[in-house]
Amino acid sequence: MDRSFDYVKINLASPSRIREWGERKLPNGQVVGEITKPETINYRTLKPEMNGLFCERVFGPVNDWECHCGKYKRIRHKGIVCERCGVEIIDSKVRRHRMGFIELASSVTHVWYVKGRPSKIALILGMTVKELEQIVYFNSYVVTKANKDLNLSYQQLLSEADWLAIDYNDDFSLKENTISIGAEAIKTLLKNVDLQQSASEIRELLPFAKRFFSEKLIRRLRVINQFIASKFDPTWMILDILPVLPPDLRPMVQLDGGRFATSDLNDLYRRVINRNNRLARLQEIVAPELIIRNEKRMLQEAVDALIDNGKRGRAVVGLNNRPLKSLSDIIEGKQGRFRQNLLGKRVDYSGRSVIIVGPELKLNQCGLPSEMAIELFQPFVIHRLIYEGLVNNIKAAKSIIQKNGPLAWEILANVMEGHPILLNRAPTLHRLGIQSFEPILVSGRAIRLHPLVCPAFNADFDGDQMAVHIPLSLEAQSEARLLMLAPNNFLSPATGDAILTPSQDMVLGCFYLTANNPSQQLNKNHYFSDFEDAILAYQNSQIHLHTFIWVRCNNVDLTEDETCSQTQSGNLILTHGADIKSKQSSSQDTKTKYIRTTPGRILLNEIFQ
């Protein structure tokens, strides 16, 4: 299909529209599309049965440019319709989009509009869902044409005994009353609904209705207005024609042992066709009304199971007592067609792994596992190997990569330098849910992430996963570097507040590094020539993280406060304070300064610098 489109819209389809989907006129003038047989493939020839669920005449040939009987083969016969089997010579890909249809012997309701919340049919007709189900599933009759003389009001429900009393009465006036049951009765009632008049009547009643009834009237008015605005006919919620999905979307595959694995939809379609054909035969031979009603109810239940298995109650199960997957099960949920295949497609140059903390990283860096990096950047590595003349073809380049030699890792490091990558954590609720980083090769299989960027992703390190994407074009790379780099996104787009803020372990760590430990104030006689000596002493366990020490820092501008006192000893001027000491020769301008601190505060200062 070469048609381009901007959006996908789901709405009601008319019976004529459903027929258009499945009905086609072949080049020889023959009209095909209706499925009349429940069979799938012939057990001897293993070819699709004609007019069955895999019919080649309706859906197209199984093999490219080859008819069912084998008379015509090859593309040179394109467009010809075989005289023997009636199959059009065409590409087999049409079996992915060509649909069929089933002409139902009796109308059935669409289970979504009966059992859905809210029930559209029940709201339009102004009845409860329970009353609607009584009619649809042949438990109660409904008056579709009132007779005031007999006290039969419009939409009045009648039991089996009431209907028999009227049916066996010979009075002509009683026969004038149309009393019906099943989906056909609902269709008649929907035909009689004047949407514009119903909407105006509800608007007149609303000011005088009590709260409970006003809410019910508002819900009904909302549904009626939706039908008026969309110009859909409410009777389209009653099915007379059932569309059949293309066969390649419900395949049947032969296994090694000769058995076949088939889609659950084929079993559900088979139930519908069997019951529909049986109902048609019973109507032809004018079977008793009780039998026909029972068959109509079974057809209704079969269509319900096909559309949404288990919606009404007990689900239809297969051979292993597993509920069969219906059309609704295929399209809904996380594994459904929309979220799995249309909205969340797998893309090339992407990967996924668990994230762990990487406090040693810079804010604009992330740790990319080597195993993932060599796979994602493989095309770039192959191009660089060929460009530099190290190999002559792609096969030789792949051989070098598979050997995990030092040359491959050296080229990979060169390729990754300056090439940003995108990290995304689902769900991406705002634009900071996907940001770019400069990749750093790390061992293991986990992605390492700087802890400060976690609030933007709403991520933590309890097993969260993130996706990696490689921007390919120069435009994408420049956009990733200029706009999406993590240090450039330090403000929340929602509130404008800083989002790169330390929390949890980082706050606790800063507090622990700078905390005062009174027990460490007893020994104040540790002096160090610079900060490096102090850190070296801490690493050698000579002092504790919270030990108070004096460190010489002549290059730091120390402001002496009022608490500092000066004394002179010989030609030395000594300055004493709570956290500051200095000494200066009276004959020289150089001053030796000391500051009281702890190894923890020195470490924090180095981190900030």
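Every residue, even glycine, has its Cβ placed from backbone N, Cα and C.
Within its own chain, CYS85 (Zn(2+) binding site) has MET50, GLU56, ARG57, CYS67, HIS68, CYS69, LYS71 as residues 6 or more apart in sequence whose C-beta sits under 8 angstroms from its own. According to DSSP, CYS85 (Zn(2+) binding site) is assigned to coil rather than to any helix or strand. According to Swiss-Prot, the feature Zn(2+) binding site maps to CYS67, CYS69, CYS82, CYS85.
Sequence annotations record features per position, and here Swiss-Prot assigns Mg(2+) binding site to ASP460, ASP462, ASP464 based on sequence analysis. Taking a C-beta cut-off of under 8 angstroms and a sequence separation of 6 or more, ASP462 (Mg(2+) binding site) has no same-chain neighbours.
On its own chain, ASP464 (Mg(2+) binding site) has VAL354, ILE355, ARG425 as residues at least 6 apart in sequence with a Cβ closer than 8 Å to its own Cβ. Long-range C-beta contacts of CYS82 (Zn(2+) binding site), restricted to its own chain and to partners at least six residues apart, with a cutoff below 8 Å, comprise CYS67, HIS68, CYS69, LYS71, TYR72, GLU88, ILE89.
Here ASP460 (Mg(2+) binding site) comes close to CYS454: these same-chain residues lie at least six apart in sequence, with C-beta atoms under 8 angstroms from its C-beta.
Per-site Cβ counts within 10 Å over the binding-site residues CYS67, CYS69 peak at CYS67.
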